[in-house]
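K.L.:
Here it is: the structure, laid out below.
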Amino acid sequence: MFKELFRKQRKYATIPSEQAKKEIPEGIMQKCPSCGTILIAKELEKNLKVCKSCGYHFPMSAPERIGSIVDVGRFFEYDAELLSEDPLSFPDYTKKLKQDQEKTKLNEAVVTGEGTIGGYPAVIGVMDSRFRMGSMGSVVGEKIARAAERATTKRYPFILFCASGGARMQEGVLSLMQMAKTSAALEKMNREKVLFVSVLTNPTTGGVSASFASLGDINIAEPGALIGFAGRRVIEQTVRQKLPDDFQTAEFLLKHGQLDMVVSRLELRDTLIKILEFHA
Amino acid sequence: MTNGYLPFEKPLIELRDKIVELKKFTEEKAIDLSEEIATLEKKAEKLEKEIYGNLTTWQKVQIARHTSRPTTLFYIRSIFTDFMEMHGDRLYGDDPAIIGGIAKLDGRPVTVIGHERGTDTKDKIARNFGLPHPEGYRKALRLMQQANKFGRPIITFIDTQGAYPGIEAEERGQSEAIARNLREMAGFSVPIICVVTGEGGSGGALGIGVGNRLLMLEHAYYSVISPEGAAAILWRDASKAQQAAEALKITSADLKSLGVIDEIVPEPKGGAHRNPDQQAAYIKKAIVKHLNSLLKLTPEELVEDRYQKYARIGRYLEPASKGSR
Ligand SMILES: [Zn+2]
């Protein structure tokens, strides 16, 4: 077992997908929004988009995340063909979907599938905050519920990387009901004693935070990730007092008992492999 | 507005006042105005049909938010007998924004839970206007687990603007409290019936709202975001809430056609507050009907029935699948 683990680990390299590579042309510099250090994009990418000088975690696209976690060439996508409709005929929704599809080369805000991590099979879901802020509409809810159902049937652990502003306003109450749909699928998983690991990345808020993201057997967050139910501005307007600086950060949630651990992205894959090994 | 009438009801109220005046005049002066009165009464009847038969989404929102609209405690006392309120989440405190306990429905023990926004100003403040903290959801969970243990059906009443957005609420895990309820409610093997009686405010409403049957009062609304919140995001202008309300499709008729709710419970003319007792009777009738059909299911079937209800909700396109499953 350990031998295999190490062998797989050696194979571990960041192989972002083609489209992710194209987004940051070579040689371009990027400024860290946290410490201001100018970083070379290519090096930043190699460091899993973590600032070398302060540890700030830049947002990661779904293809980048899969490249950083899943064994090379071992990812088989589920339900990629599912497309959103515009059930409410909501102003500009169709147009915005199209824009985000072109921008991200993704059909929707979550990519689901199965693969191996350090040789351990798992069902994996990754939300992409570039697509409608990672918000959950019918397609996101359906893909996550189906992924959970497959994990339950196959008895594979389900690892879900959350990055979402919450339920998608443009699909109205149908979005809200996806919270119930995904949570019900996780209830089945829970009943069947199949492992669910929720990885909360920046941001995980609103209806996503108040459904599947909080329901992991193990809840892990990336450092500095914004995690919370209500928006900061709404809270400020309601309570009319200054909020603590670290309010709704991963560290704040850890302190208040809402998380199992905060793990740097540089150690995340190893941490997940360890957890998978425990549950194999 | 002081007498509880909403702006759009004004023409009708004026007409009714006139009829009363004429009747008084008839009595006092002994002049027969019965013809005029009859004409006006007919006119009033027509106007009433026009106004209440064609309520806009925003007018319904105003009715749903009406200060005199009956609250959960009224419905519990009217529909059930022997209500015993239970308190506390056993972890932190007792949140008066959510009430719950055991009661009897036509003699059958049930567990009842609901948001309680309060009736007078003092009560409203004490109950935080029905905006729950995590301990409210955790109290609800405790009572539902109890119901599940003893095989009691669960009836919930939904009426909240949303879960409270506050510092302590976040510290104590508002998200986790709601999320856990969604998951646990999906797994209970007793019948669960949820009734949206007033405002269905997003996750704060859903936190006690996962059931086999979801019923909704005619003028209640249920939305992923408040109309004001949506307007602020869409047009950076909260005053455009009326437009946002229309766009969000939040009325009982909208939710019925979207396949989210199972039945619309009618309201007395002008809204529940015009005849609370009649409203309670309508709700009771609907609850009893659905409960009777759910009681025919086995515990396993109840869980599966609920699972399928939510599995069906959502609209998406699935081009001929390449068999990824
Ligand atoms: Zn930095």
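Here the Cβ of each residue, glycine as well, is placed from N, Cα and C on the backbone.
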K.L.:
Under TrEMBL, the annotation zinc finger belongs to which of these stretches: A:32-54, A:147-169, A:193-215?
P.N.:
A:32-54
K.L.:
Within a 10 Å radius around the Cβ, which one of these binding-site residues has the most neighbouring Cβ atoms: A:CYS32, A:CYS54?
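P.N.:
In terms of Cβ crowding, the pick is A:CYS32.
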K.L.:
Where among the binding-site residues A:CYS35, A:CYS51 do you find the Cβ with the fewest other Cβ atoms within 10 Å?
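P.N.:
Counting other Cβ atoms within 10 Å of each of the binding-site residues A:CYS35, A:CYS51, the minimum falls on A:CYS35.
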K.L.:
When you average the Cβ positions of A:CYS32, A:CYS35, A:CYS51, A:CYS54 for the Zn(2+) site, which other residues in that chain have a Cβ within 8 Å of that mean position?
P.N.:
A:PRO33, A:SER34, A:GLY36, A:THR37, A:LEU39, A:LYS52, A:SER53, A:GLY55, A:TYR56
K.L.:
For the zinc finger (A:32-54), give the DSSP counts of helix residues, strand residues and coil residues.
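P.N.:
Counting residues per DSSP class in the zinc finger (A:32-54), I get 6 helix, 4 strand, 13 coil.
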K.L.:
Over the domain 'CoA carboxyltransferase N-terminal' (A:28-280), what is the model's mean pLDDT?
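P.N.:
Taking every residue in the domain 'CoA carboxyltransferase N-terminal' (A:28-280) and averaging pLDDT yields 97.
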